[in-house]
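Novice: Before I ask anything, let me first share the structure, which is written out below as structure tokens.
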């Protein structure tokens, strides 16, 4: 009887462990870990033509206090593409190449919109841009958090003159083919009539003699 009681206790302990594990899983599902980013940082490709204005997207959670926003570009050394600090743009850390060319898409950064607009792009803007932030709850000395990475490609506009020449050549070729087809159709009845006359002359040699 004692063995049976011991076995019953072990079964109860196992059931208790399983129940605790299920409770832990349920709690984790109802309380997921918080994240600053609306989505994991990932690479996004954007293409543009010279002279266009391009929006570099960056979206963060809107329930935290922003301290620093930095847009950087790979290979730009220490200077930044754009810096927003203490509620205003910080031009002292901005590279001269991007001065007066980069602005917040929303000056109030509402709803976590940290996107910037890059104006009048050119081929030198081609590169990889990174959006990083520091918020109020980060421990002192914490590095900035990467939110999004944008690969911008600036391509020259298509060769309009080349396109026009190509279209003209195509029109000339089509016109020539149509002309040749019409000419062939017009010549066909004459050929058939000539052939019929030859056949008639062959069948009636006397008519040729009389004519001579």
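Note: Cβ is positioned from N, Cα and C throughout, glycine not excepted.
Checked TrEMBL, it gives:
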type     : residues : note
DOMAIN   : 32-148   : domain 'Ig-like'
TRANSMEM : 160-180  : transmembrane segment
REGION   : 187-212  : region 'Disordered'
Novice: Mean pLDDT over the domain 'Ig-like' (32-148): what is the value?
Specialist: 87
Novice: Please count the residues of the domain 'Ig-like' (32-148) that DSSP assigns to helix (H, G, I), strand (E, B) and coil.
Specialist: 12 helix, 48 strand, 57 coil
